[in-house]
Amino acid sequence: MTNTKYYPEVSSNADFAGLEREILKFWQDNNIFQKSIDDRNGESEFIFYDGPPFANGLPHYGHLLTGFIKDVYARYQTIKGKKVERRFGWDCHGLPAEMQSEKELGISGRLAIANFGIEKFNAHCRASVMKYANDWEEYVTRQARWVDFKNSYKTMDKNFMESVLWAFKELYNKGLLYESMRVMPYSWACETPLSNFETRLDNSYRERADKAVTVSFVLSHPVTTTTGSFKEYRILAWTTTPWTLPSNLALAVGSDIDYALVPKNDVCYIIAAYSVSKYAKELGLSGEENFEIIKGSALQGLNYKSLFDYFENHPNSFKIFAGDFVVEGDGTGVVHMAPGFGEDDQILCESKGIELVCPVDNSGKFTKEIPDLEGLQVFDANDKIIIKLKEQGNWLKTEQYIHNYPHCWRTDTPLIYKAVPSWYVKVTQFKDRMVELNQQINWIPFHVKDNLFGKWLENARDWSISRNRFWGTPLPVWKSDDPKYPRIDVYGSIEELEKDFGVKVTDLHRPFIDELTRPNPDDPTGKSTMRRIEDVFDCWFESGSMPYGQAHYPFENKEWFEDHFPADFIVEYSAQTRGWFYTLMVLSTALFDRPPFLNCICHGVILDSTGQKLSKRLNNYADPLELFDKYGSDALRVTMLSSNVVKGQELLIDKDGKMVFDTLRLFIKPIWNAYHFFTMYANADSLKGKLNFSSKNVLDVYILSKLKIAVQKIEESLDNFDTQTAYHAVSAFFEVLNNWYIRRSRARFWKSAKDTDKQNAYNTLYSCLDTMAIAMSALVPMISEAIYKGLRHCEERNDTALSGKSNIIARKDTSLDKAISGVSHKIATALSVPRNDAISVHLCNYPTLSDFEINHELVATMDNVLDICSNSLFIRSTENIRVRQPLASIAIISKHNNNLKDFEDLIKDEINVKAVIYRDDLENYASKKLSINFPMLGKRLPHKMKEIIAASKKGEWEAITGGLAICGETLNSDEYKLVLEPYSHIKGAASFENNSSLLILDLELTPELIEEGYARDIVRFIQQARKDADFSITDRILIEIISEFNLSKIIDNYGDFIKEQTLGEFAKNFTPDYVSKVALENHQIQLKVKKS
């Protein structure tokens, strides 16, 4: 008779990378991704915003991590019945694109770009920015992430740019924009200002050593409050930016700070009293002197002589003022003011009528206003300035100052602070509203809401949105070129531009947009012209415009946008609280008075195994494609998304991929092993599994109950955006499925009779694999697909199982069935997956098992049985007693033993003991010990921790209703745990996980027990020989054992047992198919086996 195989031949050592490539081809050939969207037409939608990356570099592990998270929730919401569009997007404009183009073209700086030609430069940017688009698609596809590349949006597309113009004009009309000359973080390497939040991206602060200099400024008049008289009065100021001293226009002191008048020769030095000791050497002090003290308020209004003559006639300058930003700490208590290079400096000087000076050009070099430093980069000028101060007699001290200093996020060069003209969004006008709207957002981790993001919103500042660069959406602002006839025009659409300028606008980029000019309508002479300002948008404004920009709102898709805003979900790494998340929030609040998204995950960063940032230069990470080809992408997905990185913490990943291999071994393989077991034995028996939940077998009921619990836990976890818990639920289920259900059901699968009990076992295992394949399909999309397809290798789902009618014949009552008698158990035959004809697991509906009722009593009891068995096996391991060695007994000591007696045979068989003994005198074997949760209790009672610890060790506590009394305090349930500990003289003991029961293994070995252990060893040796000989699991064999060790007694007593377990018969004088040599108690044994 032909053996019909209903399932594919599955190898236990699968090539998972090859398997994944087959699945990817299946998806592509059958257009599964598009089907998953089309099948949900008419259903409610799950709105997902895909943050646009730059395509001028290859994706790294951070991109893959974000992509995995995006894919999990998009797939999950799809099988939950939602329509989930996944349109990819590209960030195309801004510094990243320009810097890459400059590198490729071999040019650097604004002047070089202008000489090269803006049109040619931007054309190169346009081509360069999508350089790695195909590589991105390869990586994203290989990681099993489904996105729509064909309809991707690009921030450089005309439609997207027009929506950005609309947003700008809307803000302008609302009075939320203004133009100003203000001091900002400035990248001299990129020749552009940066927003304050850009200095907070990617840990842009670096430790830097600068030369700090203390300088003496000569007062123009004596300080009248002193009792003595001096030839000269000098006030000391300290700065870490000597290069700003040529631009000094004022000094600031603290009104309430004490200042000491320190005499040296005929000069009186004025310095904050708290700093005098720091300058003892320079001022010739012994430390015993007493000085006259005055308040800073007494210094206000005094004039001093300029350090240099560059701006000595600058109006209203060179006075001492009070500044509330001057506090005690570093320095001298005196701050030098250069309003062109400091925010506080500018604000204070502006209030005193002092106009700023800024003798530094766009590239960070001094201009001709400082002739002896002209053309010198500011940081390179420090030494020359210090030398000049020494020559003039104004220098007092130079020291090395190490501090965290902001660097450019693109070039990693140190920033300067510099006054530049810019357009600003009045974020401070509506920041309180942003704080309110933030309360509508669910943040993961939760603390981001009120801390990382919330605090940032509370301290939000006006946002500089203009950049004096080339490749970007141009600011739609035209100004009159004649200040006599001022006029500003702001445009919010192409239609408005075409109407006013009378030309067809086909490209909004520079230089084409710059060529649009027209006569100034407000100039009666007709001589002045309206010309566009040169600035382009900060690229963060464009990425923040993504929700409406991708839809070309409000010019098209108005209803679509309103239905798709805000997003249900977005995810990026935590620094985007200062980046994309923030700009989305600013623009959404200002334009729509709504939060831009409702759920947001802030994941952590991936570092190398030593905690360093992943870097091509350091060569400290493997190419992700290499890992995919070696272990598969599902393994990398699990590695990342089951870790704390999804909770905002760091993930250290090794270059060699050991972590991913461990995931493959510990997570993926157990899933595959269960599937392999099913297909192997089902094919051997020519049986088909059916989707059926009606078996009364206690192991079947237990594993199906555990299945539903796992399915519910996965659903609950993913509903709460918690992949970590979801993966744990999958792993925990397959641990029980493999190491308990399948192991305890082996006899049912192995027996030759194809009875109802055997069919029930196959149905139950099939139902578990089928259901979990769907439930975990978002978490491991490719192995789930492989299992799902394999289970449907030769047929559609079982119609009977789905119809709700059962054709399963009831088993006769057994001892195991009695274990669930009297316990409410609703027989179920259906799984809630109505789309039973789906060709892909990702086209199914999430399983609910609504017609199957969990047997909680059975689960609790069986979990206790597992606890007993796992503890017993651990004790065996500790005592070096192999599992095949029988033991006399196990004692279970508990007040509640009745529910375990029905499982006595199972316990005896699993842990290999002859008897189970029950006791209830727990107090004779163990006692409760108090374990304190120090982090939790320490928050509430830090002052009593020492006393509580001492009392807990002495046993001076009492369990009371609702808690535990100790040291006059009542501890809450999450602040302590009572642990059951066996007395030290009790051997072979362990407490249950619930700390209410104890087990004790009898570890004494009698000769009879040892003999039986040898018999079991022989069985294992024969089974291994069968496997090594590549025999089928159904092959019957002949066995011959040749040994220097006398085995006759063992064979006489246990021969039948050995033959039954190995499908063998003892024989002699045959030609073996396979021979092996093994050791039994240091004696050599030769095994010969042959198919019979």
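Using N, Cα and C of the backbone, Cβ positions are placed for all residues, glycine too.
As recorded in Swiss-Prot, the features of this protein are as follows:
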BINDING   Lys616  ATP binding site
MOTIF     53-63  motif ''HIGH' region'
MOTIF     613-617  motif ''KMSKS' region'
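Counting every protein chain shown, the Cβ of the residue listed as 'ATP binding site' has 10 other Cβ atoms within 10 Å. The motif ''HIGH' region' (53-63) scores a mean pLDDT of 86 in the predicted structure. Residues in the motif ''HIGH' region' (53-63) partition by DSSP class (helix H, G, I; strand E, B; coil) as 3 helix, 1 strand, 7 coil. Applying DSSP to the motif ''KMSKS' region' (613-617) sorts its residues as follows: 0 helix, 1 strand, 4 coil.
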